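Asker: Mind having a look at this structure? Questions to follow.
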Amino acid sequence: MARKMGFYGVIAYVLYGFAVYWYLFHFADSSLPFEFQGSRADPATFLNGRELMLSEEYSKVRNLLFFLSTPFEWLFYFLILLLGLSKAFKKWGEETAKNKYGQTAIYLIWLSFFAYIATFPLSYISYTLSKTYNISTQSFASWMKDELIDFWINYAMMFVIVVVLYWLMNKFKRFWWLFAWMLSVPFTLFIMFLQPVVIDPLYNDFSPLKNKELESKILDIARQANIPAEHVFEVDMAEKTNALNAYVAGIGSNSRIVLWDTTLNRLNDDQILFIMAHEMAHYVEKHLYIGIAGYLILSLFGLYFVSRLMNWAIKQWGKEFKLQYPGDLRSLPLFLMFLSMIMFAASPVSNLVSRYQETRADRYAIEMTENTDAAISAFQELTKAGLSQVNPPLLVKIFRYGHPTMLERISRLEDYEVEKRNEQEDEY
Ligand SMILES: [Zn+2]
């Protein structure tokens, strides 16, 4: 029976893969609606023929990789259970270590190692793809170093979470999910607080803005929004990518606006000020806190559903999964699989909230800078540098886009310009 289930799982994944491929490459239409053709949102007006073709190709493959990788994770955990590997990892832990912590550590190292090996091909393809299209400029060694840092940070966090989680599962058989959630609140806040000062610097170098002339302009608008100067940083990304970006990270005294140096190198001052004003909106309107609150609410429901699903799955297929009760460490792949499924299912909602915040930030930025030409050309540069799709297929937008599409962002700026002009005419 276990073998049969594994077989069906693989078949289901392959069929899903074909369906996604068909959707992205044959069914979905990412051409521009008629009324936008020739507008400033039309990529044909700011990309050359080669860039147009590359951006379509590159986006399609990237979207395919995105839709393949999360369900691949589910398949991996499913097979780890069915093939008895989870049981074996636990046994290896018990054979090598005396105390519970050591056993958990060893179980986790095996699980993480297998997961890494299984998902490596997809991440490697994704890296080489971005290198082929000249988005990533990172050497293999540097990429691998980032991968290793990822691996160990995830491992360390996972260790803490799993020790506490399984203790709770055994102590509170019915309500472990509630206690786990309660503990996850301070834990999440603590990690968010540490992230920009402890975790992010492991990957890249952060510094105050290097171009002093530009810095004074940026800090000038930051002051208008009451953002202290020591909260604005630039990060050294040029060695890794040609893409442009900026973001807000951290909470409390560690909150900061970070501009990628690629953005600073590639855009002119007016364009940078627009991007900066956009990030300031996130900072001022505390979008990160709203995001965290939303995430915590979601995870309360998520953990509840995971606990129900685990009980149900173990009751149905305990024999095939080699599991008798949820509190057994061997059930971790089941926990991770269901959690990942629920997060994926909820991602359209979190993306929707995020797209709303991004729209607000764009609006704030254009009202502050009032330079639509700079704003629109900044978005055009962003599109060009990342070879991104201006008008992605609907499912891609729903599951992948935390930002509005460039078509929406640029045409809103054009609308703003018209709105502004009409207002001025009214005044005369
Ligand atoms: Zn934003």
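Placed from the backbone N, Cα and C atoms, the Cβ positions cover glycine too.
Not measured: the values here are computed from a predicted model.
Here TrEMBL flags GLU279 as active site. If you look up TrEMBL, you'll see ASP362 marked as active site, proton donor. Positions annotated as Zn(2+) binding site by TrEMBL: HIS278, HIS282, GLU358. TrEMBL lists 52-204 with the feature domain 'CAAX prenyl protease 1 N-terminal'. For 208-416, the entry in TrEMBL reads domain 'Peptidase M48'. Marked as transmembrane segment by TrEMBL: 7-25, 64-85, 106-129, 149-168, 175-199, 288-306, 327-346.
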Asker: Can you check how the pLDDT averages out over the domain 'CAAX prenyl protease 1 N-terminal' (52-204)?
Answerer: 94
Asker: Among all protein chains shown, how many Cβ atoms are found within 10 Å of the Cβ of the residue listed as 'active site', not counting that one?
Answerer: 22
Asker: Within 10 Å of the Cβ of GLU358 (Zn(2+) binding site), how many other Cβ atoms can you find? Include all protein chains, please.
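Answerer: Other Cβ atoms found within 10 Å: 20.
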Asker: Using a Cβ cut-off under 8 Å and a sequence separation of 6 or more, which residues in the same chain sit near ASP362 (active site, proton donor)?
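Answerer: Result: HIS278, ALA375, PRO404, ARG409, ARG412, LEU413.
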Asker: At the Cα level, what's the spacing in Å between GLU279 (active site) and GLU358 (Zn(2+) binding site), rounded?
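Answerer: A Cα-Cα distance of 9 Å.
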Asker: Taking the Cβ of HIS282 (Zn(2+) binding site) as the reference point, list residues of the same chain whose Cβ is under 8 angstroms away and which are at least six residues distant in sequence.
Answerer: TYR247, VAL248, LEU288, GLN357, ALA361
Asker: Provide the three-state secondary structure of GLU358 (Zn(2+) binding site) computed with DSSP.
Answerer: helix
Asker: Neighbours of the Zn(2+) site HIS278, HIS282, GLU358: Cβ within 8 Å of the Cβ centroid, same chain, sequence order.
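Answerer: The answer, listed by sequence position, is VAL248, GLU279, ALA281, HIS287, GLN357, ARG360, ALA361, ASP362, TYR364, ALA365.
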Asker: If you count Cβ atoms within 10 Å of the Cβ of HIS278 (Zn(2+) binding site), leaving out that atom itself, what do you get?
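Answerer: Taking all protein chains shown, HIS278 (Zn(2+) binding site) has 25 Cβ neighbours within 10 Å.
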